[in-house]
Structure formats: C-alpha cells, structure tokens
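As recorded in TrEMBL, the features of this protein are as follows:
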{"type": "REPEAT", "residues": "6-47", "note": "repeat 'WD'"}
{"type": "REPEAT", "residues": "48-89", "note": "repeat 'WD'"}
{"type": "REPEAT", "residues": "184-225", "note": "repeat 'WD'"}
{"type": "REPEAT", "residues": "277-307", "note": "repeat 'WD'"}
Amino acid sequence: MKPILLQGHERSITQIKYNREGDLLFSVAKDTVANVWYSVNGERLGTYNGHTGAVWCVDCDWDTKNVLTGSADNSCRLWDCETGKQLALLNTSSAVRTCGFDFSGNIIMFSTDKQMGYQCFLNYFDLRDPQQIEDNQPYLSIPCSDNKITSAVWGPLGEFVIAGHENGEFNQFSAKSGEILKKAKEHTKQINDIQTSVDLTMFISASKDNTAKLFDCATMDHIKTFKTERPVNSAAISPIMDHVVMGGGQEAMEVTTTSTRIGKFFHAAYEEEFGRVKGHFGPINCVAFHPDGKSYSSGGEDGYTRIHHFDPQYFDFELEA
C-alpha cells in the first residue's frame with residue numbers, strides 16, 4: 001500500500017473531504033489555503049484563495065458545484081468549485097469552526113467559536129434566498145452559551161445538525177425551529193470530529209478521551225466504542241466494509257519525542273483493532289474514506305495529505321471472531 005503524498009500546504013492540515021463521487025479531495029490547513037486534488041493520482045486541480053487566517057473546515061455540496069470553507073479570519077466563504085471564484089462572504093464576530101451543506105445543497109450551517117467576549121453560535125443560511133447572504137442574516141441562529149461546538153455534521157434529510165461540544169456531549173439542533181431534539185453524553189472530553197456513514201444512518205465521533213464511538217443518527221443511541229492509547233483526532237466509517245479508521249496522536253504542544261503517527265483500523269462489529277498504517281510525522285488530524293471504500297486519506301500535523309489505496313488482500317480480510 002504505497003501512499004500518494006500531496007504537498008500543497010505549509011502548515012498542519014485541519015480537514016480533508018471527498019466530494020460525493022470521490023474524484024476530488026479537498027484539503028484545508030492552518031496556512032489560509034484551500035486546495036482541491038484529483039484523488040486518483042494526487043494531482044492538484046487548484047486552490048481557493050481569499051482567506052486571511054487558518055482555515056478550519058471545508059465541505060462540498062452533492063453535485064460538486066460549490067465549496068464552503070470556514071476560517072479563523074472570522075468568515076465563512078462560498079466558492080465556485082470549478083473556477084475557484086468566491087461567490088459569497090459571510091462575516092462573523094469570531095472564528096468559524098465547522099461548516100456544511102445539507103444534502104440538497106440549498107442550506108448551509110456553520111458554527112462560530114466562543115472567543116473575545118463572543119459566544120458560540122450555530123447559524124443556518126438558505127442559499128436560495130440571496131437577501132440572507134447580502135444582509136449576512138441567517139434565517140436561524142442558535143446560541144450555545146455553555147459549551148462551544150467543536151464539530152458538527154448534517155443529519156439525514158437535512159432535518160437537523162448533530163453537534164459535538166467541548167465537554168463531550170452531543171446535541172441535535174433542528175434546522176427548522178432551532179430547538180434541541182435529542183441529546184447524548186457518552187464521551188468525557190472534547191469531541192474532535194464527527195463523520196456520518198454513507199447512508200447517514202450512523203455517525204462516528206472522535207474524542208480527546210482516547211475513544212471513538214459509533215452512534216445512531218436519528219435516536220442518538222450509542223452503538224460501539226473503539227479504545228486507543230491516545231487522543232483521537234478523527235474517525236471515519238468505511239462505506240463498504242464493517243471497518244472504521246481512526247487517526248490521532250498527542251496534540252502538537254504535548255509532544256516531547258518525535259515519531260511517526262499511525263492510522264488505526266478497527267472492525268466496527270467486534271470493536272477489535274486489526275491494522276495500522278504508519279507514515280505521518282506527528283499527529284494525524286483528519287481521516288476520510290473514499291466513497292467507493294477502496295482508498296482512504298489522512299491529513300497530518302506535518303502539512304501533508306496522504307492517499308492510501310488498499311491492497312487486494314484488504315477486501316478479502318475476515319476477522320477471526
């Protein structure tokens with residue numbers, strides 16, 4: 001399994017995201033640039049230039065028309081995927097931590113950080129209404145005064161957003177009314193990442209408490225737990241196998257020795273680790289499966305993104321229960 005190394009960032013990668021077909025891979029980092037790559041050969045297609053601070057999050061809509069990025073420069077920006085042109089600029093009073101398109105591609109959500117006297121908000125905009133964008137007025141803005149949102153994803157059918165907070169709890173925020181539909185608290189520390197399964201029935205959370213957990217999106221029932229020795233920065237669910245991949249390592253400021261970090265593979269049903277992939281220097285900040293399940297990518301603190309195509313043996317692998 002020889003990885004393809006993508007060199008397009010000068011600072012650590014914050015998020016990577018495939019489009020729905022999986023032919024493109026988007027990467028954002030702390031160096032203000034958003035890149036898009038061909039996932040098949042690692043060739044860079046282009047960049048989305050305009051942010052003036054670290055870019056924390058990226059998302060792409062279902063037909064790969066638009067790209068959404070959120071940054072520490074207190075803005076969320078909408079881009080034309082093909083041309084790289086900036087279509088909309090939404091200014092905020094604090095850094096934008098998470099962002100995402102709902103399945104229709106019509107509604108976007110993003111959350112802002114609690115900093116400099118401003119509290120954390122979850123904002124919903126309808127892109128079909130140019131007035132909302134022009135006036136920078138979301139049709140729904142939900143304050144989260146207690147614990148800021150550290151990761152968020154859309155649930156099925158665009159009905160709600162599942163948000164993970166710095167104290168380890170989850171909330172489902174309705175996209176219609178803004179009320180909290182369901183809650184769950186299974187983690188003891190901050191949620192670093194949330195990713196849904198391909199059919200949006202489940203999500204996996206990665207937490208600072210050294211675990212990743214699998215939940216039901218609709219009921220918020222806790223299904224499985226995957227334990228490791230280190231904080232988990234990111235976790236993803238395979239679209240074709242009962243597998244999850246996790247990436248982690250200490251935070252940059254807590255690292256005293258240098259070593260290569262490992263991507264770990266767990267069996268989703270048996271909660272057993274069955275494989276490790278070495279490569280990144282320093283922690284892995286984000287992982288993502290290709291939508292066809294035949295490859296996965298990881299983005300590291302070292303500023304590199306690696307695309308790993310699985311060997312044929314991987315698909316025949318059976319865990320001895």
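Just so it is clear, glycine is given a Cβ too, placed from its N, Cα and C backbone atoms.
Panel annotation: around the repeat 'WD' (48-89), residues 11, 14-17, 19-21, 24, 26-36, 95-101, 103-105, 108, 110, 127, 133 of the same chain, lying at least six beyond its termini, place a Cβ under 8 Å from a Cβ of the stretch. Non-local neighbours of the repeat 'WD' (277-307) in the same chain are 1, 3-18, 20-22, 25, 27, 29, 31, 37, 39, 42, 193, 195, 198, 233-241, 245-252, 255, 258, 260-265; each lies 6+ residues outside the stretch with a CB under 8 Å from one of its CB atoms. Helix, strand and coil residue tallies for the repeat 'WD' (184-225), in that order: 0 helix, 24 strand, 18 coil [DSSP].
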